[in-house]
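For reference, the structure is listed below as structure tokens.
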Amino acid sequence: MIFSIEDDAPIVRDLLPDWRARFGEAGGRLELEIGCGHGGFALGFARAFPERALVGIEQRRKFAAELAAKGARHGLSNLLVLNGDARLLAPRLFAAGSLAAIHVHFPDPWWKRRHHRRRLVDDRMSALLLGLLAPGGVLDFRTDVERYAREAVVRLEEVGFRNAAGPGRFAEAAPDEIPSTRERRYLASGEPVWRLRLVKA
């Protein structure tokens, strides 16, 4: 399923989706992936954890459509793919404190200084992510750009996230970690991946 929304659409709390109706029992453990790309993580997650529901938001329509089609072909009823900007969609789709986890893998680092304001992990988005998570909920952030990772950990800790590895520190790969399509390439070549596992207290 592909979903889009106009940029100026109002936030109508009474119209928030009934995720339990959409996903059944899996809707009781709702997780979000921002930026699904080619869908390696989303597909792997949905297969590995059928008891959990994943909503993926991908801004590129082609990628979103392809991933949705793959999910349908594999009968992954616990996966829903939406097309749009997560900064606009997330507050219209999820109630505060409703997500068990949010996954942000390899977001665009926007290298040029004048483009830094386009980075996903800015002050406003960091606060939004914290607000959407339930107490004890986890933000799973990964990047191949060390500088971006170091800037992100400072900003995310400042808005109130607790760093499970310790202040300013990066996490090790979890035993049940599902790699994204892009991450597999880095792991195969031995290049480092910078991970954050941040918890809402």
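Backbone N, Cα and C define each Cβ position, glycine as well.
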Figure out which of E51, E58, E66 sits with E33, D85, D108 in the S-adenosyl-L-methionine site per Swiss-Prot.
E58
Reported as an integer number of Å, what is the Cα distance between E33 (S-adenosyl-L-methionine binding site) and D144 (substrate binding site)?
17
Within 10 Å of each Cβ, count the other Cβ atoms, then let me know which of the binding-site residues E58, D85, D144 comes out lowest.
D85
Name the residue among the binding-site residues E33, D108 whose Cβ has the smallest number of other Cβ atoms within 10 Å.
D108
Between E58 (S-adenosyl-L-methionine binding site) and D144 (substrate binding site), find the distance joining the two CA atoms and give it rounded to the nearest Å.
19
For D144 (substrate binding site) and D85 (S-adenosyl-L-methionine binding site), what Cα-Cα distance in Å is obtained after rounding to a whole number?
22
